[in-house]
Amino acid sequence: MGLNWPQVWLLGLPTAMVYGSLALFTSILHNVFLLYYVDTFVSVYKINKVSFWVGETVFLLWNSFNDPLFGWLSDRHFLSSQQRSGAGLSSRAVVLTRVRALGWHGPLLALSFLAFWVPWAPAGLQFLLCLCLYDGFLTLVDLHHHALLADLALSAHDRTHLNFYCSLFSAAGSLSVFASYVFWNKEDFSSFRAFCVALAAGSGLGFLGATQLLRRRVETTRRDRGYPALVMDGGLGEEEPLVGAEEAGSVTLGQYLQQLARHQNFLWFVGMDLVQVFHCHFNSNFFPLFLEHLLSDHLSLSTGSFLLGISYVAPHLNNLYFLSLCRHWGVYAVVRGLFLLKLGLSLLMLLAGPDHPGLLCFFIASNRVFTEGTCKLLTLVVTDLVDEDLVLNHRKQAASALLFGMVALVTKPGQTFAPLLGTWLLCFYTGHDLFQQPPMTPVGSVQPWPEPPAPAPAQAPTLRQGCFYLLVLVPITCALLQLFTWSQFTLHGRRLRMIKAQRQNLTQIQTLDIKMV
């Protein structure tokens, strides 16, 4: 039975476009979640302070450990060495497994997103369960999506091409932030709830369609060579399992951690990425504070809200340019250049002082955009670490999801350190404690977030000066630490080409073994 023209057209779509569309179906949900989940539970559901902090504490622990947990459950079978192992999955079967997992977990992510906007339990219990469910499915989707980046393509050029479409679709997904402003109303929540239902339906159906298309393309590539190959550089082996050799003893978690401890580039990378995650979340947490205390006299409320919305979209668009640079100069050189740019702009702002509103506005915006852009480029570096891990430990398959999970385990504490260290530094320098407010309107009143009274004239310059020094000294410190750790990272240039060649040789040998069997 032949294919009808819509099926033929869909199968003709570039693999990179189908892969990148998965980022769209995640981002349209996650950006709205980040903006509104706290305000919803505090202002609409009237959660009490104790329940809120208990939920956030449990969420912090769950958020830190679910990445390596799910990565281990997904990839632990790939850890035994290639020389000793015979029975296992081919590269094609690994890709199919990840695609099927995305087909299940994507719609479940959409359902868990819906659970935030309909009261179905006491506020404290619903807050805790919704956060853990949503973050669990988000982690599963992110791990398998990132792992596919390492499994679908091997060359740096092809992985950059895949990441280009991810950034393009993520930018499109960020537009849901602007649309949400039209429907957000704490007094009448029904229109915003309907908006979230529409987002969840679109996301769930999108995941189902995209994963079905990816699965068809994997299977069709094996049967019909007339279709474009799924993998960008032909790295997938046949679907048959490897047989004929004695099964190796599985690698335990302790042995795997010892292998990571000997992986020097992994250690230098996570040290640098920890600082990067800290800086990204520091910018996100304190972006409104900097606008309020450094630019409030020069920006209207609507302009500030517009800048906040643009800050979600601009990093994705800017990343399209960064990825074009990566094709010519390599990811290592582009990331180092961004660190130098961050250091240079921060020093220039420090010398200029806080009395240049135009330069200050440019610096606040560019600091956030460039920092977020760097975070998105580092996914490509992790895929290179996946290749090096496979070659160094002679694995039968690349443990992509597990390595992404271990990176997240080490770097996610930066999310917690960012608001804690930022508020402590501000309090230490200025004596202004952001958590000590004058008597406030109760949480159940019409205005749950009252404006604090203006500081006394003698104190106002001190608070403004403290915000300015926090704004410029944090990126200077981060840039210096990152330039040092990045200089120790050796997986670039000649060594990276050697690792790529060795992984390609392992893939070809594995494919020949399959055909001989």
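The backbone N, Cα and C atoms fix where each Cβ goes, and this holds for glycine too.
Bear in mind that TrEMBL entries carry predicted annotations, made automatically and left uncurated.
According to TrEMBL, the protein carries these features:
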| type | residues | note |
| --- | --- | --- |
| TRANSMEM | 16-38 | transmembrane segment |
| TRANSMEM | 101-118 | transmembrane segment |
| TRANSMEM | 124-141 | transmembrane segment |
| TRANSMEM | 162-184 | transmembrane segment |
| TRANSMEM | 190-214 | transmembrane segment |
| TRANSMEM | 266-287 | transmembrane segment |
| TRANSMEM | 299-317 | transmembrane segment |
| TRANSMEM | 329-352 | transmembrane segment |
| TRANSMEM | 468-491 | transmembrane segment |
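In this chain, the transmembrane segment (468-491) lies apart from the transmembrane segment (162-184): fewer than three C-beta pairs between them fall below 8 angstroms, excluding pairs fewer than 6 positions apart. Using a Cβ-Cβ cut-off under 8 Å and counting only residues 6 or more beyond its ends in the same chain, the transmembrane segment (329-352) has close neighbours at 156, 160, 322, 359-360, 363, 366-367, 370-371, 373-374, 377-378, 380-381, 384, 471-473, 475-476, 478-480, 482-483, 486, 489, 491-493, 496. Contact counts against the transmembrane segment (162-184), taken as Cβ pairs under 8 Å, peak for 16-38 among the stretches 16-38, 101-118, 124-141, 190-214, 266-287. Within the chain carrying the transmembrane segment (16-38), a Cβ under 8 angstroms from the stretch's Cβ atoms is held by residues 102, 106, 109-110, 113, 116, 130-131, 134, 138, 141-142, 145, 148-149, 152, 161-162, 164-170, 172-174, 176-177, 180, 184, 192, 196, 199-200, 202-204, 206-207, 210-211, 213-214, 217, 232, 312, all 6 or more beyond its ends. Among residues of the same chain six or more beyond the transmembrane segment (266-287), those with a C-beta under 8 A of the stretch's C-beta atoms are 260, 308, 311, 364, 367-368, 371-372, 374-375, 378, 381-382, 385, 389, 403, 406-407, 410-415, 417-419, 421-422, 470-471, 474-475, 478, 481-482, 485-486, 488-489.
Long-range Cβ contacts of the transmembrane segment (190-214) within its own chain (Cβ-Cβ under 8 Å, at least 6 residues beyond either end) map to 10-11, 13, 15, 18-19, 21-22, 24-26, 28-29, 32, 36, 99-100, 102-103, 106-107, 109-111, 113-114, 116-118, 176, 179-180, 183-184, 230. Remote same-chain residues near the transmembrane segment (124-141) are listed as 22, 26, 30, 33, 37, 41, 45, 47-48, 50-52, 54-56, 58-59, 62-63, 66-67, 70, 101-102, 105-106, 108-109, 112-113, 115-116, 408 (criterion: CB distance under 8 Å, separation of at least six residues from the stretch ends).
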